[in-house]
Amino acid sequence: MGCNSSKHINLADNATISSYHRRRSSRKTDLPSYQSSPSSSSLTRVHPPAYSNNMKLDLNTEKQPILHEPQGLNHPKAILRQEKVELLSQEFRANPKNLMVQNAAHSIDFTTLITNRDVLIEDTHMFNTKIPTESMVTNQKNSGRCWIFAALNVFRLEIMNKYKLEELELSQGYLFFWDKFEKCNWFLECMIDLRDRDVNDRVVQHMLKEPINDGGQWDMLVNLVERYGVVPKAIYPETFSSSNSENLNKLVISKLRDYAVVLRRLAAHGHSLEDLRQEKDKSLKEIYNILAIVLGEPPKKSFTWSFRDKDKKYYEFNNVTPQSFFKDHVGYPVTETISLINDPRNKPLALYTVQYLGNITGGRPVRYVNAPIDDLKQLAIEKLKSGKPVWFGADVGKYLQRNAGILDPKIFQYDLAFNVNFTMTKAERLIHGDSLMTHAMVFTGVHLDEDGKAVRWRVENSWGNVGGDQGYLAMSDAWFTEFVYQVVLEKAIVPQKFLDVLQQPVHVLPAFDPMGALA
């Protein structure tokens, strides 16, 4: 899930950052019709008696495997007794340092109290290797669209360099609209594919828990750009709900679950795939209407793009379509890219995907090539040296001092304040639910030592220009090692050994695997 710029709390995070139905007109169909009732909301599908009486799903929980209450929780030694609590309190108060820190923590955020001053000085926003062109940091606001923002921040530099522009912003809302619509179709097709599984099946429940969200993956971005192109922000500007997506997501998610119930009912009573897809198409009509009302319809006709460059020279391009805009003006080789991941749980130089992860049916599947972290670093360095930015995915909630704009495992001194340390490895954090990819950003620079090794990395974020270096972050190389999971590179600059992996049989990770988390 893409972290937004205002919500989300994670361990070792001093900032709040985050990542998230209809009235039907009558129509002739072979499927059961829908009707309203006095007690129903105009946004709620109401099932007629034929459904409620004759087409019920079997939800009898007694058919599930027999479970037993955990007996160990009642063991005498498992009980937290009052005398034990009193002893802990006495030990706490016996240490004057605890009382001093307690007093200070009452009036300020405790992470401010334990911020490491030496690290603030060490992780300076100075870099000896930077791309020649940077732009103002964008702001995804209260949405999880970081992956779209990061990609468009890469794309806009191609145009800015080509036409010598001072600034440019591409429409994140445009891709957001089509991603939402395509994801709804994807989810409903997944429900059709899973129609014969028990509703309590782990994969079914995983899909129903969050049918869609704002986040995405690089290959999903490629799908969107290939099919829909991109447009300047002036052609399709932001709306309130594109920048504040929570209520839109709630509405669409509830409707998708509603549709899923209907599809499963139809499947349970022997309706054909054709019948299910006819019903899906009716659902998509409602989804399109919701998105068009809330976000605005995307441009259908060609448009005119005009601007002045740094020298005040005027340009005008007519009869531009979203697809031709990307092809003629962006020109980024989006289909000739590869996603390298660092997943220490699994073997390197192997090809991975995640079951049911995607956005466009019939499109480019999600593919990851697992690689050692040092390879991700070296290839990112080489691309930055060539003057090009690097899209990457990471767990941004870990060890972030947001005001200073620093990502560093040493930034918070938990040991001094709480006498605690964290011992999990990167693999153990993935296995035990303590870390996963939550956010996509862009590398625009790196500071190298005398041996050419990375010391720290310059990061273009999408949370506005507050904090750090006008919104840019400084990431220590140690943080990269522990919390960066993915970098995207052009195939032309990647060693053949990684390209060969793309020809291997793909290892399919389960839908609920942490590598299925959306940046």
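Any Cβ shown, glycine's included, is placed from N, Cα and C.
Straight from TrEMBL, the features:
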REGION    1-55  region 'Disordered'
COMPBIAS  1-19  compositional bias 'Polar residues'
COMPBIAS  32-42  compositional bias 'Low complexity'
ACT_SITE  CYS146  active site
ACT_SITE  HIS439  active site
ACT_SITE  ASN461  active site
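Structural mapping of features recorded in TrEMBL.
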| residue | record | DSSP (3 states) |
| --- | --- | --- |
| CYS146 | active site | helix |
| HIS439 | active site | strand |
| ASN461 | active site | coil |
Cα-to-Cα gap, HIS439 (active site) vs CYS146 (active site), nearest whole Å: 6
Local Cβ density at HIS439 (active site) - other Cβ atoms counted within 10 Å: 31
ASN461 (active site) versus CYS146 (active site) - Cα distance in angstrom: 8
Cβ neighbours of ASN461 (active site) where a neighbour is any other Cβ within 10 Å: 30
